[in-house]
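Have a look at the structure below, then the notes.
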Amino acid sequence: MRVKSVYKKLSVSFILVMLSASQEVNSQAKVSVNLNVKHVVGGISEFDRTKYITIHANQIENEWDGDNFTSDLRDHFLNGFDVYLGRDTGGITWNLNNMQEDASRPGFANPSNIISKGINTRNNYASKTHLHVYENRKSNHVVAAQLHPFWTGESQIATKGTGWELASPTATGEYMGRYFNEFYGGNGEPVPSWIEVINEPAYEALGGKKNFTNSLQEIADFHVEVADAIRVQNPNLKIGGYTAAFPDFETGDFQRWINRDKLFIDVAGEKMDFWSWHLYDFPVIGGKEDIRSGSNVEATFDMHDHYSMLKLGHKKPYVISEYGAQTHDFRNEGWSSYRDWLFVRAQNSLMMSFMERPEDIAMAIPFTIVKAEWGFNTDKNLPYPARLMRKANEPESYTGEWVYTDRVKFYDLWKNVKGTRIDTKSTDLDIQVDAYVDGNKGYLILNNLESEETEITLDVFEKYDSSITNILKRHLTLSSNNVVIEEETFSSSISTVQLGAGSTMILEYTFANSLTIDETSTEEKYYADSYLQPIVASQPILFAVNNVVKSATYGEAVLRLGLGRDHGKSLKPIVKVNNTEVVVPDDWRGYDQADKGRFFGTIEIPVSYDLLTTNNTVSVEFPDSSGHVSSVIMQVFNFSSDIRTLSVNDVTASDTKTLLISPNPVKDGMLNMTIPAKLKNPIASIYNVSGSLLIKQSMKHSQTSIPVNLFDKGVYLLVLQDGSKKIGESKFVIQ
């Protein structure tokens, strides 16, 4: 968690301040990686570039062509950075605006005209064979209808080219179904994977971001009728909505949720194949920051999934068809690298949350357009901000050849990442972490939700001791208000890195041999029997989390507690699982949400795996009233073995792992530890929680005892070294 830190427009000065209560000694976050442990969620364990490394574009767009710095921009960008095509809203809308009305059925598109235009479009595409090679980059493509002229309710607008209005949602759906039948397939473009009924219908119709009283009923009904009409023409299309611009559930003490998103699930949920959202950080809005990244986006997913489980009995996938940052305070300014920084910072932070739920995310598309010349503001002489490309002489003048904006650095950073997801763990919730293994390559991704530089201790464990031949460190950060990727190469293991404020780092490890993955961590979420419960002071709120499967002897669990409360109210309740009180952390992902109307976030509470049973009770009690518990979810990780504890026989001089110590807690003044026989010069050090060194001594092999009877009660850290090389560490408690 970080406290509020306003993004500055002209100069940015980041100060090294460690604020997280969960950080280790010396204010360091620690990241642990098990290279041999596969992390499986919903049967998925691979990094799917087709859903994460995307752009809001189609390969047929003319904007790829022109006076570019490279002769073939499609190839340079899509193939060069291994990027996939995300979304198209233009073709379906342009064609409706120029479609003839059916003379015998006023308000309906002429089927014959749809057929003829479809044939022409397919034949035109078939003739452009240079575009066909990119079909493999749109296997997860999204097509969306724009609000106008598709919307048939209040504020309806006629088609621009032909001047007639659609008669009803059924007329809208019939056109869309016929459009996909005639314009795609055969010698045309591949049929898109995901169809959004309409783009952001509530944005202008229901009072904006802060409104919570207007109802989504008409929009929900529209989705039902359109979906039914599409399926009459083509029952195989995947249809979703409502393409929400601001899924701010907590507004109005959750009245916005009740009047909009809950209502949409109730009315249209059974008709939707997926949910469609737009998720943005607002890092500069009236001199303030309104950030969704971190605990807020976690709570948003958790609440929506929880209610879907209660209402529908299952979750549905999400198409995040736009995401990133809206940079309001820069709207009257030209291009700048700093504005691009605000976007890629949000893009990385949000995508890390998406990657944690691979079974739920069908597609995630940052709102980056190729050139967006259609959005040039002629009144202000300003280009559209959300662009991959810019004129070389911007911002001074809109002249020169087309070159990349600094948004390309996101794609440059991620260009090599692929493989099997492996087990990772961070001691600081503000350090997002993920990792993948592909053959002899390992990719460790670190993202900083803090507004301060953070030192991270790395614990990268390779069970079979395959030696490291190379580490490429790539650090996407801000330097003098410019987005940069700092690169550094190492020929052996590194133990710490400095991660810049709001920055992302990818460490690409190369090993001498292919890595063996022979253990698993299988993740599953279990939802309580109720949600959105009001908070009354000193009154426990009871939840049942049933049918939990513990399929292993070893594992971990996290109680995900969604909270919506006014600022100043407690975020640290008394929580009991099966009548046993658990420790609620003071930290959560991201900042304190001070500029938001209220706090809405997920508090992640570690729960002992041994405490879980098949059917569980959870009690939540606050000292003060108001607000709601929005969701209660038990996140369970079943391990194939004890992956958190290192056997003495597995320790080598290159390992950094949890040590075997006993007893813990220490009650008799003596701490016992096992020293691996392979160590040549074992040294043990004990630190307190402030990072002060209390004792450091050479050790003998075999079972060894360290007297700690002179230490006060509390939490300490034991660190074992072999000479100057750190081998492992363990926390222990003195009672």
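Heads up, the Cβ atoms here are built off N, Cα and C, so glycines get one too.
Because the structure is a prediction, the values reported are computed rather than measured.
For the recorded site, E200 (active site, proton donor), the DSSP three-state label reads coil. According to Swiss-Prot, the active site, proton donor annotation covers E200.
Reduced to three states, the DSSP call for E322 (active site, nucleophile) is strand. A 10 Å cutoff on Cβ-Cβ distances gives E322 (active site, nucleophile) a total of 25 other Cβ atoms nearby, all chains included. Annotated active site, nucleophile per Swiss-Prot: E322, in sequence order.
Sequence annotations record features per position, and here Swiss-Prot assigns signal peptide to 1-27.
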Looking at Cβ-Cβ distances, which residues of the chain lie under 8 angstroms from E200 (active site, proton donor) while being 6 or more apart from it? L147, T243, A244, A245, H278
